[in-house]
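One structure coming up, written as structure tokens, with questions to follow.
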Amino acid sequence: MNKQETVINVGEVRDEEKMEVNKAVHFSDAEMATIRRGIRKADFRVIPIMYLLYLASAMDRGNVGTAMINGMVQKLNLSPADQGNVTSLLFVTYIALEPFSNVLLKRTRPSIWFPILSIGWAIACMCLAAATNATQAIIIRLIIGGFEAGFTPGLITYMAYWYTREELGPRMSIMFSALPASGIVNLLYGALVLIKINNLIPYQSIFIFGGLLTLLVGIASIFMIQDYPEQVKFLTEEERALIVKRLNASQGSAAKSRISIKSIIETLLDWRVWAFALLNMSRNNALSIIGFIGPTIIRGLKYSSSTSTFLTAIVSVIGVIGAVVFAFFFKKTKYWIRILTLDLFSALSLAIVAYATNSKLRLAFLFIGGFPIFAVVPITMSWMSVNSGSTQKRALSSAAYMMVGSAAGMVTPYLFTTKTAPKFVTGYAYAFSLYGVSLIMVFLLTVSFKRANKQRDSNPKDVSHLSSEEQRAMHDFHPNFRYMI
């Protein structure tokens, strides 16, 4: 029988299988066909419900920007400072609770953890419609941030429970296309703005509608989320055994992995973790400009509230296209090339939005900017994830990645208010400084990864005397591990 070789670079392998960490694993053609069949089943069981949850997360976190231009400012008598607080203080609890999120994910189960989070923020989102002043709105937004804090880092970790490094990238791009897709819901919000629903002010309809949709998805997720490949029933015994064996060789059993104090300390001391986190600050700032601030920018171009709501959705449509195009057509291009290209494209688009005098040209590049901004988000997340080296470090790195990145969301809303419109001088200067930081981090990470790979190729080390557990604890510093550049 012909043999097909699958080379795995990261590794946690069951000790009882006596398989060496970070060594090639061989499967027959028939076994590879079985694995592919099992992965297709996982795609249909894992991705759809998590996609809907991420869609709901982005929608409920970002709909305040649309609400602001549809009566919320006037009804709650929000000053420019209040507008910034209502928008950004969500990130206080979001940032504060993210470091603990993946620890709690491991102590519960995905099928319990994610429904709790989504149902919690859905109820809080609907409560925003009942807020009567800025203080109440801020408190509710803090609650939303607390529940949403565990979702995105948990999602990054959860996806790695099911897929190897090679499989993770395209699926992450598909998954995070939900981010711009959430903006398309603005079309529905626009319809709500035009339709009078009882005595509700348009912004109240937005919060109730968004929260209700999330609540339904959250309840459905209780029954639909799959925990671990080792435990699911939709795979045959053969499919389960081969997929688990492959994942064990790739990154280890998620069901058996535990986060130790030693892993936490090692992750915190790894400068690359923080370099990736700084990369995410640029991403979150750009997303904040589009999601939270986009409607304000468009309104500043003298469009009506309802027209601004519809126009904001165009940015999201183009963003979905960008995410999908890069997921399918550029997945074999090196990570650093994709990220550098998209960052430069994004910065150029923002420069035209910021400094062009023609309003139609500014609007056009606000739309076009959605393509690189939304495309680069999942690519950067994937680059961080595939180079973490183990399920434990990935869980911790993703929490740090989201925590630091989210800090941008705390600052940006204060720089893009109705008071600073339409020029937003300080806001744009802040954005371009983060693009500069992003380019520096991409350069440093790329050089570091290339040097590490070259050194390990030229100076191989024998660690066969170490147990599998000891080898797995080396994470991405294992001598057989190779970074994806």
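Here the Cβ of each residue, glycine as well, is placed from N, Cα and C on the backbone.
For reference, TrEMBL lists these features for the protein:
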type     : residues : note
TRANSMEM : 42-59    : transmembrane segment
DOMAIN   : 46-454   : domain 'Major facilitator superfamily (MFS) profile'
TRANSMEM : 86-105   : transmembrane segment
TRANSMEM : 112-132  : transmembrane segment
TRANSMEM : 138-162  : transmembrane segment
TRANSMEM : 174-195  : transmembrane segment
TRANSMEM : 201-225  : transmembrane segment
TRANSMEM : 273-298  : transmembrane segment
TRANSMEM : 310-330  : transmembrane segment
TRANSMEM : 337-357  : transmembrane segment
TRANSMEM : 363-386  : transmembrane segment
TRANSMEM : 398-416  : transmembrane segment
TRANSMEM : 428-449  : transmembrane segment
Using a Cβ cut-off of under 8 Å, list the residues of the same chain at least 6 residues beyond the transmembrane segment (310-330) that approach it.
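Contacts with the transmembrane segment (310-330): 65-66, 169-170, 173-174, 176-177, 179-187, 190, 290, 294-295, 298, 303, 338, 342, 363, 366-375, 377-379.
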Could you tell me whether the transmembrane segment (86-105) and the transmembrane segment (428-449) have 3+ CB pairs under 8 A, leaving out pairs under 6 positions apart?
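No, since the transmembrane segment (428-449) and the transmembrane segment (86-105) share fewer than 3 Cβ pairs closer than 8 Å, they do not count as touching.
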Which whole number is the mean pLDDT over the domain 'Major facilitator superfamily (MFS) profile' (46-454)?
88
